[in-house]
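Enquirer: Okay, here's the structure, questions in a sec.
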Amino acid sequence: MTRGVVNTDFEPNGEGQVGAQEGDEVEVQCDYGDGWCEVVGGDGQEGIFPTAFLDFPEGAPPQGPPEDEEDDVDDGFGEDGEGHDAQLADAELQRAQLEKAQAEHEAAMRQQAVDHQQGELEAAREQTSSLEERVKQLQEELSTEREQRVQAEQKLAEKDHSMQHELMDKQAEANSAAQERLESVLKENERLVAQAAQMRSEFEVRERDFALSREDQSQKRAEQFMAEREKSQKLAQDNESMKVALQHAEASKEEYERLLEAERMEHARTRSGLEAELKKEQGNAANLIEDAFNNSKQEKEALEKRLAQLQEDYEKRNREDVLRREEESRRRAEMFMAEKQKGSSLQAQYEQEKASHAQALDAMRQTYEQRLEQAKMEIAKARSAVEQQRKLAEAQFAAQVQANRQNDRKKLEETLQRKRAEYETQKAKDLQDISNARAMAVEEKAKRERVEQALLKEQEAAKRQRDEINQGYAVRYRQMQAEIDKLKQEKASAVALRTELQQQLQGVQGNQQRMHAQIQSLTQQVQGQNALIAQMSSETEKLKAAVGAAHAEVNNQKRVADDLRQKLDIEAQARQNVERAASARISQQIEETRRHQEQARLAQQQNHQFMQERDRLEAEKAQLMSDKQRLEMERQSSMMQRQQEEQRRQQEQQRQQQQQQMEQQRRYQEQQQQQQQRPPPPATPASWKPAPAYGNTYATPAPINVPQRQAPPSGGGSMQPQRHAPAPQRQAPGPSYGSSQPQQQQQQYYGGPPPNQYGQQQQPQQSYYGQNPPPGVQQQQQQRPPPPGAPQQQQQQHPNSNDPFANLHY
């Protein structure tokens, strides 16, 4: 078997045929040569299928019927039983061949006795008359068959005409629907192109507006940033000036607080010293009194006298001490007033310096503001120049872009119009060609169907004719065989007739092998008929009695055969004309298809050129956008350079300010070193003491029980103290005012923070000046070490409630 691929859909319209769709694969058993093949379908169905509707990728199938058909008597000419009589004839031919040899032998033996058999001539005449009757009957049957054939052709022509009308209507509907779809597609394409152009223009407008808004926003932000920075700088300068003034005020306040605390500490120390001395004297006196009580009355009286004298001396000395202290207090008050005046003068000088410093700051601020205004004016001028340049560049760029866009739009519109006109022309041509091709295809299909139907009709007619001939030949063969049974000569002619029938059957089988061989098979049939006529004429020559009848029969059959041959020749010529016309139309259609393909290729090339032109325009647009972005980047880079220049200028200013601050700090350090290297100031005189902060300045302090010195021994020993009694020991008095106390007071005065009025040590406050205080404040801070023995508590109330001076506060 050979594999075949169906290239055209086929629906079976007769018995024994197999239907298949395009693309199906079938197994081909053989090719009969008459346009039909024996195939096995995909569903296992066996039957015949048109050879023209198959492709053979593995090679052509074998020609002729299968080998098993030649020996199969029941199959005949197919499953439809179209050659049943021929099959019977084939079955009898095998028997006739044997009879043929016997008939030939008998004919040879009785050839000499033919002339002598008159009865046989009469039988031949009867046979001739019967043959004439049979020919007439055949002619009538042929005429009726011809009429039926004409009627069938008319019906087929009417049906073909109606089908053509239906096909034309359907083609017109399909063309109108395709035209409507094409118009809708073109309208949708135009709408999409317009929408894309509108979206592109809107995008460009939005992009341009967005770029302008971004530039305006960035410029506004820059202006706001500059304004905020100027405002912050101004506020920082005002804050610094306020801080400096506040620092000066706090420094002066701390100085006064230190002075007051030093006064309070000195007063508390003096009072504590006096109280300690008083306690010591009272203790000594108590000891002496106790010793005196242990002595005799004389010693007691002497001691009382001595105590009274000591009391008087102590009161006298105390009064002198009080007067002296009052005098010292007055002197200290005077000195304090002088120092206060000096401090007021220093305060005034400080205020003057502060005012001058504020004036200098105002002058510097004014200068800076003037310079800032000048810088702002220069920046504004530069910005306006840059803005003008930018606007000019943007205007030039916009004009250039607009001009390029207009030119591109004009070129694009011209190109689109030209391409649209070409496309419309080409589309009209293509539609016309397509419609013509479709019409031609439909016409060719209809003609091919008509030719196929005509071929089928011819095949059916040939089949019917062959069946009729076969039937006629079978009847004739039987009659002749019956006559051969009677007459050996008739047997010989029947054998010849059987031979001719076998030749005709072989011709029919050859016609089934090839479609174009039908004419040859019919020609062979005519030749067989001519041979039969010749044989019959020879038989009539041999049989004198049957010559006339045989000639008549031969002439009649010859006329019928001539008619059939002429008809077959006409039909073959018509078939050839149809095939030539179909091949010419197919070649023309192929040429038209090639021309359409060439036009489609040219249209594709034009479309490719149009796409290249559009890509070039897109590339130019991208180049314009990149130029615009490059200009934007250059503008941003120029703005960044200006900002960097401004930052560098600010950094330079900050660096100069830092250098000035470092120079001031270096000068301050040099001044501090010079002040540290200077000799210390002269000591404050011992008579000076700070005035008390509150209380009665001139109050008399409580009397101090100071033990008197023992009188030198005079005469009696009653006044001397006992040796076993402990000698009174006087403790060392407190620090006097004439020793090193002024230096200590000076250290106390210039030392660390004194205790407050609650007896708590004050924490040194963090200076507001930071690391660069003014020279005076820095010197005071460096020259104030903590005091070595500053009291940490306030004086407490004297434990002796009888002391009248215990509640007095200095």
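A Cβ is built for glycine as well, from the same backbone N, Cα and C atoms used for every other residue.
Not measured: the values here are computed from a predicted model.
Residues or ranges marked as region 'Disordered' by TrEMBL: 1-24, 41-157, 209-249, 338-358, 583-810. The feature compositional bias 'Acidic residues' is assigned by TrEMBL to 66-80. According to TrEMBL, the feature compositional bias 'Basic and acidic residues' maps to 97-108, 117-157, 209-233, 611-635, 643-652. According to TrEMBL, the compositional bias 'Low complexity' annotation covers 653-663, 720-783.
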Enquirer: Going by DSSP, how much of the region 'Disordered' (209-249) is helix, how much is strand and how much is coil, in residues?
Expert: 41 helix, 0 strand, 0 coil
Enquirer: Run through the compositional bias 'Basic and acidic residues' (117-157) and tell me, per DSSP, how many residues are helix, strand and coil.
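Expert: Residue counts for the compositional bias 'Basic and acidic residues' (117-157) by secondary structure: 40 helix, 0 strand, 1 coil.
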Enquirer: Residue list, the compositional bias 'Basic and acidic residues' (611-635) vs rest of chain: Cβ under 8 Å, 6 or more residues beyond ends.
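Expert: For the compositional bias 'Basic and acidic residues' (611-635), the sequence-distant neighbours (Cβ-Cβ under 8 Å, at least 6 residues beyond its ends) are 211, 390, 393, 397, 401, 404, 408, 411-412, 415.
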Enquirer: With DSSP helix as H/G/I and strand as E/B, how many residues of the compositional bias 'Low complexity' (653-663) fall in helix, strand and coil?
Expert: 11 helix, 0 strand, 0 coil
